[in-house]
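S.K.: I have a structure here, written as structure tokens, and I will follow up with some questions on it.
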Amino acid sequence: MQPDTPRPRDAERATLDVLKSYSLDGPAPEGAFEHVVRLAADLFEVPTALVSFDDGCEQLVASARVGFDGRATRRDVSFCTHAMARGDVMVVPDALDDPRFRHNPMVTGEPFIRFYAGVPIVTPKGHRLGAICVIDAVPRPPLTERQCGLLRSLARIVMDQLEQRRLDTMRRAAMRMAAATPDAIVCSDDAGAVTFWNAAAERIFGHTRDEMVGRPLATLVPAEFRPRHRELMARRFAEGEDAAPRTVEAIGLRRDGTRVPIEISLATWRDGDHVNVGSIIRDLSERDRTRERVRHLTHFDRLTDLPNRAQFLERVDHALSTVDRFAVLQVGLDRFKAVNGTLGTAAGDRVLVAAAGRVRAAVGAAAVVARLGADEFGVLVAGADAAALAAALARSLVERLGEPFPVGGALCHLGASVGVVLAPDPSVALGADCVLKRALLALQQAKMAGGRRFEVFEPQLGERAEERHRIEGELRGALERGEFELHVQPQVQLPGGGLVGAEALLRWRHPERGLLSPAAFLPVLETSDMAVPVGRWIIREACAFAALMDARGVPLRMGINLFAAQLRDPGLFDVVADALAATGLPGPLCELEITETTVLGLDESVIAPLRRLRGLGVGVAFDDYGTGYASLSLLKRYPLTRLKIDREFVRDLRTDPDDAAIVKAVIALGASLGLDVIAEGIETPEQASALVGFGCREAQGYLFGKPMPMADFAACRAAPPPRKSA
């Protein structure tokens, strides 16, 4: 007879989990219960005694045995299977007389069992792990009640040892975890004394284990928080095991008296009549530092460590609701792109850091300073005298930022412009964004006025911004409607005045406002997305006119100004090459003019198309040379053929020694580099004579001809020269 049917898979899985908790899921421990089976054999005066455990599969495995050679027995033939199923002492006086066992192979063959008495080994939760049994090869009378009690006691001894081993295993694992965890583990009894202290607790609080075990847990609590601590612990002890796990943030006290932010997870358990509290304590210092770093990065500029635009807007918003009068200054560095373009971004960063330091020093502690953008800073000053203070600060900032910045052995001359806005405005409700928009308009006005100055916002600036927007809208249709036209101004040889070239100058014949000079629309055009298409039209028209003049026997070099957007346009080479091919104009009769301030804001990628154009014979002139921040390295890197001296230095060259010296220096520089030089803005014979004396060989200006429509220029230049009277 077979006592059990195959167990459901869930039951087997549950059995395996229990066996694993007692470390019985592997090979049965040898010798662990040897003393128990020997005691059983002696007590019952039998030759064989066993402690066997279910392996969770199909066998019972003998962990300890006396008088038995086998190691494992199939569950379907094991007597202990029946004892486990019974749940209490099972006695078989003579197996041959018991219909359950008379045909069992362990009865009919080795070990020829006749007598069996066994009892299950049961966990505190009622799980039956195995059995302890005594066996004899001869029949024996049934056990007395006393003997049954002894057998049960032996089973409890085995279970107690298993339970102790389980607890020891858990304790060792817990100790290993406690030693390895970065969190402090601290246990205390119901008297508030520390009973356990791991290595992480020593690291966090500075106390050793020997110092803390037995001391009050309140040692770790700052004095002002101890009443609250006592109240919390008293409540947990009163609730006992019913107290729900809880996590709180608190301040801990280190051995050296310093404080540490901590997170405490509390758990409570009962040990007999005593209640214990376990605390897992996490040091939050790094978390708080990380939070502070994130907060700082959210509100401060990484490079200069100044408040960023978002925080500045918050400050302005706060001032609008709490301050009667304040001013916002928006500070922009003039020609900052020149530094990045010539010395690199690392040098530019050093200049920005130095500029931030100068702004801080200028405004002092009474104002808020922020970095608003790439090369712009914001300043907020409050008080009844905000207007006067802002004006004084603006002058100071222009002066301080106008001083050269030493970078890598070189001196960078930049300058600064400042826009000022006063707030609140009683005539209109302002938000922080609107305040900064007004400051930006004032800054732009200062820059358009030449820079190195400050401007205070006036309502007219908003009107000018609207005007710019209107012009930009009108420009979009001007090209399609054919409203643009080119005027040309002659360039002549010195001395003598013979025609050598001309410069193409853009004009806009507005349908309502008439002919507009560049000053009325060029600042808008060159920064709009119309710059490239209009620039391409200029190239085609100028080349066509120069080809026409060449065909009429008047070859002249045509100067064509390029917008910065054209230099960034990857199609620049093709546009010029196609224009030359379409018109038949020789390359040397085409000269592209670029300003040094334009190229200073561009990267090296613009040089390659210019070099390719030089291969076609096209010239490249540096316009307005000397007015920007160009280094000699720029003259070497760009494939230049000509320098144009700006009218600013020509106007007073006969009366201003500095202007004369600059003109002479540029002429000498051009000669030494193999570059032609032309002077602009010549209006008097005296200026022309002085330039001849300095060695300048070409000139352009009203003295030789004003800009005129191409048709007028062609008619004038095509006419034969007047005959001299005899």
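Numbers run from 1 along the shown chain.
Glycine is treated like the rest: Cβ placed from N, Cα and C.
Quick paste from TrEMBL:
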- 170-241: domain 'PAS' (DOMAIN)
- 246-296: domain 'PAC' (DOMAIN)
- 324-459: domain 'GGDEF' (DOMAIN)
- 468-721: domain 'EAL' (DOMAIN)
S.K.: Helix, strand, coil: count each for the residues of the domain 'PAS' (170-241), based on DSSP.
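M.R.: Once the DSSP states are binned, the domain 'PAS' (170-241) shows 45 helix, 11 strand, 16 coil.
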S.K.: On average, what pLDDT score does this prediction assign to the domain 'GGDEF' (324-459)?
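M.R.: Averaged over the domain 'GGDEF' (324-459), the predicted model reaches a pLDDT of 88.
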S.K.: For the domain 'GGDEF' (324-459), DSSP counts of helix, strand and coil?
M.R.: 65 helix, 38 strand, 33 coil
